[in-house]
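Asker: So Swiss-Prot lists these for the protein:
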ACT_SITE  His1263  active site, nucleophile
ACT_SITE  Lys1673  active site, for mRNA (nucleoside-2'-O-)-methyltransferase activity
ACT_SITE  Asp1779  active site, for mRNA (nucleoside-2'-O-)-methyltransferase activity
ACT_SITE  Lys1817  active site, for mRNA (nucleoside-2'-O-)-methyltransferase activity
ACT_SITE  Glu1848  active site, for mRNA (nucleoside-2'-O-)-methyltransferase activity
BINDING   Asp635, Asp745  Mg(2+) binding site
BINDING   Gly1696, Glu1697, Gly1698, Ala1699, Gly1700  substrate binding site
DOMAIN    628-811  domain 'RdRp catalytic'
DOMAIN    1662-1852  domain 'Mononegavirus-type SAM-dependent 2'-O-MTase'
REGION    902-1379  region 'GDP polyribonucleotidyltransferase'
Amino acid sequence: MDPLNESTVNVYLPDSYLKGVISFSETNAIGSCLLKRPYLKNDNTAKVAIENPVIEHVRLKNAVNSKMKISDYKVVEPVNMQHEIMKNVHSCELTLLKQFLTRSKNISTLKLNMICDWLQLKSTSDDTSILSFIDVEFIPSWVSNWFSNWYNLNKLILEFRREEVIRTGSILCRSLGKLVFIVSSYGCIVKSNKSKRVSFFTYNQLLTWKDVMLSRFNANFCIWVSNSLNENQEGLGLRSNLQGMLTNKLYETVDYMLSLCCNEGFSLVKEFEGFIMSEILRITEHAQFSTRFRNTLLNGLTDQLTKLKNKNRLRVHSTVLENNDYPMYEVVLKLLGDTLRCIKLLINKNLENAAELYYIFRIFGHPMVDERDAMDAVKLNNEITKILRLESLTELRGAFILRIIKGFVDNNKRWPKIKNLKVLSKRWTMYFKAKNYPSQLELSEQDFLELAAIQFEQEFSVPEKTNLEMVLNDKAISPPKRLIWSVYPKNYLPETIKNRYLEETFNASDSLKTRRVLEYYLKDNKFDQKELKSYVVRQEYLNDKEHIVSLTGKERELSVGRMFAMQPGKQRQIQILAEKLLADNIVPFFPETLTKYGDLDLQRIMEIKSELSSIKTRRNDSYNNYIARASIVTDLSKFNQAFRYETTAICADVADELHGTQSLFCWLHLIVPMTTMICAYRHAPPETKGEYDIDKIEEQSGLYRYHMGGIEGWCQKLWTMEAISLLDVVSVKTRCQMTSLLNGDNQSIDVSKPVKLSEGLDEVKADYRLAVKMLKEIRDAYRNIGHKLKEGETYISRDLQFISKVIQSEGVMHPTPIKKVLRVGPWINTILDDIKTSAESIGSLCQELEFRGESIIVSLILRNFWLYNLYMHESKQHPLAGKQLFKQLNKTLTSVQRFFEIKRENEVVDLWMNIPMQFGGGDPVVFYRSFYRRTPDFLTEAISHVDILLKISANIKNETKVSFFKALLSIEKNERATLTTLMRDPQAVGSERQAKVTSDINRTAVTSILSLSPNQLFSDSAIHYSRNEEEVGIIAENITPVYPHGLRVLYESLPFHKAEKVVNMISGTKSITNLLQRTSAINGEDIDRAVSMMLENLGLLSRILSVVVDSIEIPIKSNGRLICCQISRTLRETSWNNMEIVGVTSPSITTCMDVIYATSSHLKGIIIEKFSTDRTTRGQRGPKSPWVGSSTQEKKLVPVYNRQILSKQQREQLEAIGKMRWVYKGTPGLRRLLNKICLGSLGISYKCVKPLLPRFMSVNFLHRLSVSSRPMEFPASVPAYRTTNYHFDTSPINQALSERFGNEDINLVFQNAISCGISIMSVVEQLTGRSPKQLVLIPQLEEIDIMPPPVFQGKFNYKLVDKITSDQHIFSPDKIDMLTLGKMLMPTIKGQKTDQFLNKRENYFHGNNLIESLSAALACHWCGILTEQCIENNIFKKDWGDGFISDHAFMDFKIFLCVFKTKLLCSWGSQGKNIKDEDIVDESIDKLLRIDNTFWRMFSKVMFEPKVKKRIMLYDVKFLSLVGYIGFKNWFIEQLRSAELHEIPWIVNAEGDLVEIKSIKIYLQLIEQSLFLRITVLNYTDMAHALTRLIRKKLMCDNALLTPISSPMVNLTQVIDPTTQLDYFPKITFERLKNYDTSSNYAKGKLTRNYMILLPWQHVNRYNFVFSSTGCKVSLKTCIGKLMKDLNPKVLYFIGEGAGNWMARTACEYPDIKFVYRSLKDDLDHHYPLEYQRVIGELSRIIDSGEGLSMETTDATQKTHWDLIHRVSKDALLITLCDAEFKDRDDFFKMVILWRKHVLSCRICTTYGTDLYLFAKYHAKDCNVKLPFFVRSVATFIMQGSKLSGSECYILLTLGHHNSLPCHGEIQNSKMKIAVCNDFYAAKKLDNKSIEANCKSLLSGLRIPINKKELDRQRRLLTLQSNHSSVATVGGSKIIESKWLTNKASTIIDWLEHILNSPKGELNYDFFEALENTYPNMIKLIDNLGNAEIKKLIKVTGYMLVSKK
């Protein structure tokens, strides 16, 4: 924008630089200039265009005057001509169309034959191809007319483009039929001689018309082809069956309607979508769902209709068009009715059709958009008064805050820091302390209001330096306010402004004049990386005078007031910063936002979501409630503009607090109202009246101030998060489950809620009721914060998902393939009309017709139709290259004809069109792509393609086929391909040169531009980049073999790959041309280069075929086919110059697998079978059953550390270094290289970084790096197939492959096998009309060639690494300092349990190696005492060591010493000297000698304790002879000198921050230098605390003692008499089975009586016991009293005991016996004899209670348990009693076997021979089970107190000849017998204390006796909702919600009342059954109470029944 040269300033940018938008103002300007009267609207544009038109319009005017007479023609607007232009069939191109189609069929035949050959589908004898269903002779007119129309208009445009290339700014005049066109790039005219009308429009309008014709042709062509195929064989064509005649009628009706209604008519077209939506709802939903929506919609349409005429008349007032007549309301209404009828007929009740039509509306053209109008609409929206509800806003803020808290807890295991904790209630403070949050169910609105008051402290920070990621945002920006006039053509501005503007630009810096963010930085010579932060911190952006918001037309929907706003670069960077901070720090807490997902992710998410909500999967919940579900899709009107400061700030403030900023996140709301909003569209200048400062210009259309709302696209992320929080609130209020996906205002919400169905409420009604209720709630919620739901675009459905325009119903996604191919045509998506890119676009777009099991044939026909057109027709006259392309193509074809010796020219073309582009053919879609889409290796695939192609070409000789591959292999080496090209894709044969050339062009262009950049950062980096890029190759130049991916990895691990990003970004086609020249024109040199590139590409095949070296050997398989894999490898290795390159080949499934349709499963292959039984599965889509297939990334283990701390760059750098280590593993010198790279980029040594690096696990580097893995696009559409080999590890083929390749990563070969198999199923079904039931893919071993990983030789050249890393500028990642490293390596204790990957060595103190942890902690503890003592002496008044004496007895003294030494060094070595010196170590040890002797006295006192002494003796026997503390001191110091260093546990506080910072720094230095130490952390405040926790964590006690113990524990003095205690136990009833039938066919239960009971009545007589009550069920004296008498044991061993109740009973029965007690130290159960202590009163009779044992040693299934069983008691295990609950039978047997092993090997037990018994609990199984060898069962006891339905029994086992265990049947049988014949005994005495404890734990405050009065009192308590009782204990579990409490409590009270009122009866099952049957609310009782609670309830019930009079 150089102001001195007027011509460059005033570049005419036509509206075509805005994609797809047709500018109203420009059209108006053109017309007004030509007519000298306002054209479309009388506004300022018309005025300036008449007075001072731009020079281009004047030229156009002159041309018109000379070439066309328009004076007597009627002037109309462009849309009025649309109907006539579309119907203007000038010449019929039917013959051309037939030619293209015929050729397309021939070319497709070859491809089809290839498919059939590979799939082994033989054609039948009459040999008619399916392609013959497409009859070229009968192409309907509704296809051919569109082709002719498009062809003619396209010809005109191409002719114009050719002219323009020769002479810029040329004007072309041509007539087409009855129309005459004048075309120029800055305005066009059409004149109709038929209707005597004339119209003016922009070049874009013409292009749009051309595209519309093309789209209509493509749509109709697909419809016709598909229907012809489907008529003859169902399933060949597409799934939709639209009617071409009708689509044609639809186009015509709409065109006619638009031609009458002018531009305003498009507002009707916009409503069609809604109409189709209502049709879709009518198909998928029940009437009540769709009617409402339909009515709203039709009302909307008629509303629009009534407004049309007024709108139009208002606009054309006092213009040329004023007198044109406007149609009557009735006329338009009739046309509208026709259109809708047409749509309805087209849809024909078929969802596929509806989905397809939903998109077809791009086929009617685009409206012209009036920018000023759109802007006025924005202005109006923002002036609306909003009424906001404060409470709603507060709830919204609370929900937002809760999300952040949840996010912190989930990610960082803590809450964010809070300033004002006191605003929280007790309950929330509890969560805060517990570092947790409540579940959704526990929340209420009140909580949100409470949380809203929280204020956070800063958790994240604004980056210090401007980050490259920000600079690389290539966004558009506006000129600053004083230069805003640069936007408009200078002619349009008054003189005064022009002059002042010249002055201003002259003084302005370059960076202010640009319109892109990137250039704003590039051209800034004062750029300072730290500036942005100070700009933010000082908040200058809030008062910046240069701020301006300019709105331009960018969106298609401008008509409804969506504007695209731009602001100057300085402010734009603030916004980029805010967005980036949100995206990095806060968006992760809101997973529902779709802003962060790519397309494939989205597709997967949608598939999962629709699968979940599908009607077919609706279920009832466990309480048999129907789960009502509905889905709501909302669209909010003017979502962005409805946000005001008030609504944004409530959440923005929270974000500000977290980032420590002020108003950074809603700054726009603070500043925009003070700013002028101006319409910055070129042809819409404001009326200035000569005023330069736009703040002083009066408001007018297109310029206003005081903009209140948000601006489209500016705070999207924040607003989306607010919307999510709002839905959180709604969900809590309605107690509904909501799943939502949101993207700004477009929300898809699923709601579900259980309901009870009743008479009038069926499932549909329940769903509907829920949907309406929720919609109302959502609407109200939005209304309260000032938003309005759009009626026409908000709908509810039971099962229809619709988001970002993808329709899914019943869990099935409806692909809309036609939509995707509307745009296919020649020269698409190219700037320089490159033939190769264009062909690739055609290929990939047409493939959309194949994916998801659509039609492969339609895809082939359409693709080849356009490719043939492109190559054989369009290339004859290329706008840039003239005839050169066609000549080159002819040469190539001739060489093909000669080489393959083909007679007919057509066959040559067919063949060439099927040779893949990689070899210079014409086929952009390699064969494999129709079957699987992730390719490991293009080259192999291309070779396989050619192999199959030549196989089916019958007219080519075999020798020729082989010689083709020889020619391929004899391709000459490429001299110019160096490392640079390796950086790109080394896959295709011709690509090296191309890659080299393009990358050269880009690099030179960009680096030269960058190096001239005034911005120091960029210029330095450009020079650095160009200098160093080649040198990277040198680093690894001596390493062989050369390995492209390795080089790539090396390249990326050197930090300047960020520089490459800049280069690539700038060299992207668009921006490079913009940089090279100011306009979007392209210069001659570019054109020449592009043309020569195209010629090179087209000539590749003839170059390949020109040389054939006959001596080359071609590898051939036994069956005569080639081995493609090897050819590919050889080719790749030989086509590079002087490098031994490792071939990264990977087999192609198309050649390495044979497809066999067989049902025998013994075939060694991969089996894929169909899941459904239908003959075909077309149409019913979606896997409803297991779907197999996954897209795998390389597996890597990421070490566990706190990743939050690192920046994104640091994480990327670590990843790159990890990859580097992985690839070059084992290469000499690798460590040094890595060390240099680490120091250069991260600033710390490799050694320290090592624990942070990810570790890759795959064996085969080669493939893992080269397999690019993309998920298949299949899942939701193909019918469900499954594969029997979920993994190939088990498949028989695996054997064969493993034998051949060793244990290599074979799965790689099969990466694609499954998705391929599924596609095959689908394709076979299309081609044959039936679906194979099963197919097997059999690998051919010769073809599978897995490379071993390369063994690298040679050394790295380090010298350059220093140079490259020291040259770093903006690109180097941040350095990591040692302290951060320390923080990162600290997994908190909590994190460990969950992480399954946690390597045992990663964190040394993980609590499982107790001895080591203990020793280390003790050593640290003593060191702590030492350092404390050095600081202050008085600490030793109390003996510190004593508390831990017993712990010292278990330590490992060696570790103790090592840790002591290391810790000492860290505490004392902090004098700042270098740690390396040995002296420092000695110094700190010498210092010990001088330490006060009080310490040594104390220390030695502990160490000389007898048990500790024994332990130390193991380390050094000399210890025995030491006397006195002096001797100890000398000995200890001597030992210390020789000790090694060792890792230390460090202490952190509750926040997770380190406590001893100084020492830690030294420790980190130690790590860096020598040791292989790891950092470990314990989160406690001091070592003594940590120590106790460590040990107690292993012991039991901490959770059992929390339960309130109501027992006589307090007065332990009175010794309780055991025999009297026995009366509290009830008498026991049992049956003893001695000999029993063990056959498994034992009929189940011979008794007919079967009790139907729901409650655990076996607890009825156990009311005297609280914690456990096994003793009420089983008794030693009653069961095996005789045995006890015989053996007379002194000690009984109870293992697997819980709270020790059985032991207590035994203690009462045998007062003299002592006990050994073992219980599994599991957190879930008691591991302390609590009940025993309660009953007996003290523990003196338990001689070994398992104190101090770890978890393994208390687990009876572990050997260590039995080894330590005699650690105290030296008595034999005469009788061992086991009451353990084992997970499964195996564990029971483990225990038995270990018991047997023990008693047969232990020297104490063996003295008793075989007279040892095990009395154990066992759950019988159905089958016959043998006991382990040499263990026999003597008797089985069935207890009355066991669960009735279970199969629990107690067996007495001894040593002897093994026999069988009883089976389920007999146990059941004798259980029933006992149940029928016996009553339960009640205990003789009642223990009131226990009963009271039971009552209280059941219902707090329940007292005994339980009578009517007591229950009434309880009821009264319930109704008084007092605060303090809201937290109470019910059955031992805390319950917070008072509602639940009342629910549970009232349930309990009801039951107790029922018991109170029932009669007294005998305690037997008949009576219990009667009790249950007479109680009406059984189900409620069982649903509301947990297991434990029910047991308590039965105990209390038993007490009530017993105490009845």
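Here, residue 1 is simply the first one shown, and the rest follow in order.
Here the Cβ of each residue, glycine as well, is placed from N, Cα and C on the backbone.
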Asker: Using Cα-Cα distances with a 10 Å cut-off, which of the recorded positions Asp635, Glu1697, Gly1698, Glu1848 are near Asp1779 (active site, for mRNA (nucleoside-2'-O-)-methyltransferase activity)?
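Answerer: Glu1697, Gly1698, listed in sequence order.
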Asker: Counting across all protein chains shown, how many other Cβ atoms sit within 10 Å of the Cβ of Gly1696 (substrate binding site)?
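Answerer: Step by step: centre on the Cβ of Gly1696 (substrate binding site), count other Cβ atoms within 10 Å, giving 23.
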Asker: Within 10 Å of the Cβ of Glu1848 (active site, for mRNA (nucleoside-2'-O-)-methyltransferase activity), how many other Cβ atoms are there?
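Answerer: The Cβ of Glu1848 (active site, for mRNA (nucleoside-2'-O-)-methyltransferase activity) has 18 Cβ neighbours within 10 Å.
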Asker: For Lys1673 (active site, for mRNA (nucleoside-2'-O-)-methyltransferase activity), name the DSSP secondary structure in the helix/strand/coil scheme.
Answerer: coil
Asker: According to DSSP, which kind of secondary structure is Asp1779 (active site, for mRNA (nucleoside-2'-O-)-methyltransferase activity) found in, if we only use helix, strand and coil?
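Answerer: Going by the DSSP assignment, Asp1779 (active site, for mRNA (nucleoside-2'-O-)-methyltransferase activity) belongs to neither helix nor strand, so it counts as coil.
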Asker: Sort the recorded positions Asp635, Lys1673, Lys1817, Glu1848 by C-alpha distance from Glu1697 (substrate binding site) and give me just the closest.
Answerer: Lys1817
Asker: Taking only same-chain residues 6+ apart in sequence, whose CB is under 8 Å from that of Lys1673 (active site, for mRNA (nucleoside-2'-O-)-methyltransferase activity), what do you get?
Answerer: Ile1628, Gln1658, Met1839, Gln1840, Gly1841, Ser1842
Asker: Could you tell me which of these recorded positions, Asp635, Glu1697, Asp1779, has the greatest number of Cβ atoms within 10 Å of its own Cβ?
Answerer: Glu1697
Asker: Measuring Cα to Cα, how many angstrom lie between Lys1817 (active site, for mRNA (nucleoside-2'-O-)-methyltransferase activity) and Glu1848 (active site, for mRNA (nucleoside-2'-O-)-methyltransferase activity)?
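Answerer: Lys1817 (active site, for mRNA (nucleoside-2'-O-)-methyltransferase activity) to Glu1848 (active site, for mRNA (nucleoside-2'-O-)-methyltransferase activity), Cα-Cα distance: 7 Å.
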Asker: C-alpha of Asp635 (Mg(2+) binding site) to C-alpha of Ala1699 (substrate binding site): distance in Å?
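Answerer: For Asp635 (Mg(2+) binding site) versus Ala1699 (substrate binding site), the Cα atoms are 61 Å apart.
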Asker: Is it possible to get the count of other C-beta atoms within 10 angstroms of the C-beta of Gly1700 (substrate binding site)?
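Answerer: Gly1700 (substrate binding site): 32 neighbouring Cβ atoms within 10 Å.
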Asker: Would you mind checking how many other C-beta atoms are within 10 angstroms of the C-beta on Ala1699 (substrate binding site)?
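Answerer: There are 26 such Cβ atoms around Ala1699 (substrate binding site).
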Asker: Taking all residues of the region 'GDP polyribonucleotidyltransferase' (902-1379) together, what is their mean pLDDT?
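Answerer: That stretch averages a pLDDT of 70.
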Asker: Among all protein chains shown, how many Cβ atoms are found within 10 Å of the Cβ of Gly1698 (substrate binding site), not counting that one?
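Answerer: Other Cβ atoms found within 10 Å: 24.
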Asker: Could you round the CA separation between Gly1700 (substrate binding site) and Glu1848 (active site, for mRNA (nucleoside-2'-O-)-methyltransferase activity) to a whole angstrom and send it over?
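Answerer: About 19 Å separates the two Cα atoms.
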Asker: Please report the number of other Cβ atoms within 10 Å of the Cβ of Lys1817 (active site, for mRNA (nucleoside-2'-O-)-methyltransferase activity).
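Answerer: The Cβ of Lys1817 (active site, for mRNA (nucleoside-2'-O-)-methyltransferase activity) has 22 Cβ neighbours within 10 Å.
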Asker: Rounded to a whole angstrom, what is the C-alpha distance between Gly1696 (substrate binding site) and Glu1848 (active site, for mRNA (nucleoside-2'-O-)-methyltransferase activity)?
Answerer: 16
